[in-house]
Structures are given as C-alpha cells and as structure tokens.
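Colleague: Below you'll find the structure I mean.
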Amino acid sequence: TMKWLIVLSALVAFSECLHKMPLIKGKTARQALQEKGLWDEYRKRYPYNPMAKFVQAGTESMTNDADLSYYGVISIGTPPQSFSVIFDTGSSNLWIPSVYCSSQACQNHRKFDPQQSSTYVWDGRSLSIQYGTGSMTGYLASDNVEVGGITVSKQVFGMSQTEAPFMAHMQADGILGLAFQSIASDNVVPVFDNMIKQGLVSESLFSVYLSSNGQQGSEVVFGGIDSSHYTGQITWIPLTSATYWQIQMDSVIINGQTVACSGGCQAIIDTGTSLIVGPNSDINNINSWVGASTNQYGDATVNCQNVGSMPDVTFTLNGNAFTIPASAYVTQSSYGCNTGFGQGGYQQLWILGDVFIREYYAIFNYPRQYIGLAKSV
C-alpha cells in the first residue's frame with residue numbers, strides 16, 4: 001500500500017501544475033449588432049482587415065473581427081479588479097480599459113482604477129496598438145496580474161485612454177497577448193514570458209482548447225498539456241519566426257487538388273482571429289471549390305442544406321495534413337450559413353484562427369519555439 005500512496009501523491013502533485021484558465025464562449029459583436037439591426041451599417045463602415053495587427057506600418061483605419069467569442073477573466077491590482085480579456089496568440093501586449101478613458105468602448109466595459117490598487121506602479125510611457133478589431137492608445141503601468149490562478153508580479157500592461165468605436169460592441173474588456181516579446185509594443189515583457197521568468201509554471205508552454213458549437217469547456221492551460229482535450233499523436237511543428245506563432249504551410253488541398261498556397265506560404269496560429277484568413281484570390285478559390293458565393297462584404301455564404309455534402313479542406317503544415325470538415329468550417333446562425341474562410345491575407349501570409357483551433361488542440365512551446373497540434377476531442 002505504501003507504494004501506491006507514493007504513486008498517488010506523485011499524480012496529485014503533477015495535476016496541480018496545470019493552471020487552467022476557463023474561457024467563456026460569449027455573444028459575438030456580429031450577433032450583438034445583428035440583434036440591434038446595426039450590423040450592415042457597421043460592416044460597411046468598418047471593413048474586415050484581420051491583417052492589421054500583422055502589418056507594422058503606422059496607424060490604419062479601424063476594422064472589425066465581429067466573430068470573436070472566447071474570453072477569460074483575469075484580475076489586476078491589490079485588491080484584485082477583474083476584467084474579461086481575449087487571449088490572443090497573435091499579439092504580445094496586455095491592456096485593459098482605464099478610468100482615464102472616455103471612449104464609448106470604455107463606457108460599457110470594466111475600467112481599471114489605479115488609485116484602488118496598493119501595488120500599482122505608474123510607468124509613464126505611452127502605448128498605441130493596432131488590431132484587426134481596431135486600435136487603442138494609452139499608458140503603461142505595472143501591477144500584479146492574476147491569470148488562471150497564477151499571480152505575475154510587476155507585470156507591465158497598458159491602460160487605455162482611447163479605444164476605437166468598434167470595441168464598444170465586443171464582449172471582452174481588453175486583450176492579453178501570448179506571442180513573443182520581439183513584437184510587443186514598447187518592448188514590454190509579455191505575461192507568459194514573466195510566468196516563466198518568475199518560475200510560476202512547471203513547463204514553459206501553454207495550450208489552447210476551443211470547444212465547438214456553444215459548449216463550455218474552452219480553456220487556456222498554462223504550464224502544461226491537458227491530455228483529455230485531444231486524441232492520437234501530437235505533431236510538433238517548428239516556428240519559422242519567433243514573433244507571432246508562425247509556421248510553414250505547404251498547400252491547401254480539396255479533393256486531391258491544390259487550391260491555395262501553391263508552392264508554400266507562411267501561416268500564423270492565432271487564437272485572436274475568428275476565421276481562417278488568406279490572400280483574396282486563394283480564399284475566393286477555396287470558397288468556390290466548396291460551393292460558396294461571396295457577397296460585397298467578403299462574407300462567403302452557402303446553402304445550409306448543402307453542408308453535409310461539402311468537401312473537406314486539408315491544410316498541409318510542414319509536411320503534415322490537417323483536415324477541416326464542412327461541419328467545422330461552416331457557421332450556422334439565424335441569418336444563414338457562412339464559411340469560415342475570410343479574405344484579407346497579406347502577401348502569402350495566412351492566419352489559422354479559431355475555425356482551425358476548434359479542430360486541433362494547440363500547444364505553444366515558448367523556449368523550444370515549436371507548435372504542437374493534435375486532433376481535438
């Protein structure tokens with residue numbers, strides 16, 4: 001019995017190393033705007049440009065990603081003030097609205113009040129960030145940040161002073177970036193980097209599980225891999241650049257034919273983009289192969305009756321095939337059916353967003369610079 005006790009206590013110790021950050025699958029901005037009858041007007045005014053955050057070229061006009069729906073709750077300060085944030089592997093800064101912000105988006109979101117925190121330290125540098133969802137400007141500060149049961153001390157983060165109008169329609173208050181310091185505005189050390197530096201995680205990796213449909217259970221696991229979220233082998237793919245989580249894509253295949261990314265391209269695994277995004281001509285080709293018609297806004301619609309007979313789309317990443325069935329790439333709402341393939345890619349750069357990650361559990365190994373992908377359960 002003594003032997004069994006030792007095994008059991010080892011298992012208990014091991015399970016405690018997984019710090020789980022539950023994600024809520026909430027209402028999307030598209031749904032909120034559709035319900036108010038404002039969606040058509042908004043999408044005209046703020047076209048979808050998911051590449052905004054990947055092209056570091058000054059400021060750009062505001063765009064929308066109206067389909068983001070996963071967010072988790074973190075807290076900042078002593079005593080803790082809570083905020084919901086999008087966990088974004090496509091950017092590297094943490095920021096939240098502040099009491100110094102008068103933008104519309106700050107009126108209907110929670111705001112950080114530094115005067116209420118005894119551990120707050122003013123930094124003074126200004127911050128400005130461009131996203132596919134719009135932009136924010138503000139100031140840097142540092143304080144304790146609690147994420148999934150882990151408290152990072154002296155984390156530098158942004159407090160917004162202005163936010164783009166579209167952000168008023170997003171559920172999350174702010175954004176927590178999980179990419180590398182090399183692309184952080186003001187070269188701020190990212191939250192996960194600090195978790196490693198402060199010895200707060202047992203392994204220097206985090207993993208993301210996004211549940212499909214409306215099911216709960218989505219989460220970011222800091223410091224480990226939750227084997228209940230996937231089946232089969234994990235395929236490890238080396239990063240081609242440690243900026244975003246960027247890897248080599250060889251081709252996109254439908255019914256044995258290469259339909260996009262011919263001759264290879266680069267892809268970014270991005271939890272902060274809802275769709276699979278690529279260069280317009282490639283995306284149009286995929287959408288026509290699966291039988292979708294694209295409207296003036298770039299939304300690709302299909303007849304909901306046809307989903308059962310639509311083909312799989314296979315993404316070959318570093319020599320490995322990852323297949324997405326129609327049931328995963330078509331979203332159904334009361335307004336009809338859309339494919340999850342969006343225009344707006346930039347020079348052979350693709351974004352494999354939530355549509356992809358729902359099918360494949362993603363593991364982000366920070367120091368080794370690898371992404372692991374395994375079939376989601």
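FYI, residue positions are counted from 1 along the chain as it appears here.
The backbone N, Cα and C atoms fix where each Cβ goes, glycine too.
Quantities reported herein were computed from a predicted structural model and do not represent experimental measurements.
So TrEMBL lists the following for this protein:
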- Asp88: active site (ACT_SITE)
- Asp270: active site (ACT_SITE)
- Cys101-Cys106: disulfide bond (DISULFID)
- Cys261-Cys265: disulfide bond (DISULFID)
- Cys304-Cys337: disulfide bond (DISULFID)
- 70-374: domain 'Peptidase A1' (DOMAIN)
- 1-17: signal peptide (SIGNAL)
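So where do these features actually land, and what's packed around them?
Modeller: Contacts of Asp88 (active site) defined by a Cβ separation under 8 A and a same-chain sequence distance of 6+ are given as Ile175, Leu176, Gly177, Leu178, Ala179, Asp270, Thr271, Gly272, in order along the sequence.
Summarising the environment of Cys101 (disulfide bond), the number of other Cβ atoms within 10 Å of its Cβ, over all protein chains shown, is 22.
Within 10 Å of the C-beta of Cys337 (disulfide bond) there are 19 other C-beta atoms, taking all protein chains into account.
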Colleague: Taking each of Cys101, Cys106, Cys304 in turn, which of these disulfide-bonded residues have a Cα lying within 10 angstroms of the Cα of Cys261 (disulfide bond)?
Modeller: none
Colleague: Express the distance between the Cα positions of Cys106 (disulfide bond) and Cys337 (disulfide bond) as a whole number of Å.
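Modeller: Just about 33 Å between their Cα atoms.
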Colleague: Given the disulfide-bonded residues Cys106, Cys261, Cys265, Cys304, which one has the fewest other C-beta atoms within 10 angstroms of its C-beta?
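Modeller: Lowest Cβ count within 10 Å among the disulfide-bonded residues (Cys106, Cys261, Cys265, Cys304) is Cys304.
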